[in-house]
């Protein structure tokens with residue numbers, strides 16, 4: 001059937017069309033069915049949504065993504081007709097039955113994910129079946145290779161390419177802002193593609209964006225990395241492993257991160273940027289994504305094995321994840337803390353030691369130094385880390401002369417103080433993140449939390465425990481309410497209990 005196209009005013013990460021219910025009935029399609037939309041030589045397969053009022057009879061509503069793909073404007077005539085389900089739907093059913101998929105079958109599923117041929121329900125079924133039925137290492141390897149092959153790739157013309165990745169789960173993990181320039185200052189290439197926050201208060205890309213442009217193309221990532229040694233860019237601005245972003249989109253509402261997808265997601269991105277040596281940061285501790293050391297070790301071994309199959313030299317670091325890294329949580333606060341640490345050549349031990357430790361592992365993996373940690377510390381303390389970071393900021397369109405004091409943070413603040421004397425016995429990662437997000441992070445770059453006291457530190461009555469920063473008064477009020485409810489930092493007296501009789 002021929003329809004007049006009209007763009008509908010909402011964005012969708014998938015191809016979708018909106019049909020009047022009478023037209024849908026005549027086409028013989030129902031809500032959630034597929035149709036092919038053809039405009040000249042261009043075409044897309046889209047999911048049907050049905051309405052009585054939004055779109056008139058004889059018109060078809062197209063989401064922004066579908067409109068851009070077809071290259072059409074309002075009023076253009078398009079041909080719409082039913083489209084069968086892709087073959088990968090049957091392959092997903094096969095996995096739900098617990099059967100092993102072949103390399104070609106996994107490739108077909110990934111291609112359909114990349115091309116937006118699967119509905120949200122079908123993609124979710126694939127993710128859930130992989131979690132419940134599992135994947136063996138052959139399947140995980142094939143999934144990873146398919147993710148790499150269906151996206152953009154970077155091939156560098158010179159140098160040794162390295163990379164690092166943290167599996168997340170710990171607030172304030174701004175270590176990439178120190179690791180990348182430290183490693184680049186040693187002559188290695190480190191094209192760090194980072195993520196934005198999904199459930200955290202700030203992803204590495206959110207933090208770096210305070211100081212420089214992170215929306216870089218693959219060509220820009222290559223050019224800058226070869227020129228100055230490294231970048232910190234948002235992976236979502238590229239077409240690197242595009243299936244991964246679509247998988248993450250359905251995992252997020254369910255708060256799941258199945259191991260097969262986690263392994264494939266990380267290693268596909270590392271393989272796509274040409275990395276030959278990779279360090280995986282696996283934070284372990286109370287309130288982290290992984291709370292038990294043995295689970296962290298198991299995951300580390302899986303990363304190493306998958307790397308071996310892909311021809312990548314992989315090492316994993318089990319790191320402490322029981323409380324935030326550094327003291328600042330939130331994009332601008334973290335950028336300021338990272339900058340000040342580089343300027344002063346000292347800072348929170350959790351931030352400095354973790355950053356130099358992981359940079360040192362990369363130095364030892366590549367033969368740069370036999371004692372990688374000491375080599376990384378020498379670079380950091382010499383000021384070369386800051387010098388290289390400023391080069392990277394300038395190459396990404398930022399102000400090369402920016403100082404920590406120049407970074408603006410939220411001007412609406414509230415400080416939570418201790419009501420008792422004693423020592424901090426716990427810092428709740430999840431509560432800290434909840435407060436920071438309620439205050440507006442990461443969308444409001446200046447919002448977040450600064451932790452004054454961490455586990456083991458002595459506290460007096462009235463001492464500040466944490467300060468909340470916000471850009472809007474009402475968000476600060478909401479964050480204060482959360483802070484007073486959650487007990488993000490717990491202080492206990494040094495005497496916990498008293499036994500026995502008092503007096504005579």
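Placement of Cβ uses the backbone N, Cα and C atoms for every residue, glycine included.
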AMP binding, same site as 169, 195, 196, 197, 198, 199, 200, 204, 289 - Swiss-Prot member from 146, 217, 265, 272: 265
Rounded distance in angstrom between the Cα atoms of residue 169 (AMP binding site) and residue 257 (active site, proton donor): 12
Under 8 Å by Cβ from residue 198 (AMP binding site), same chain, sequence gap 6 or more: 248, 252
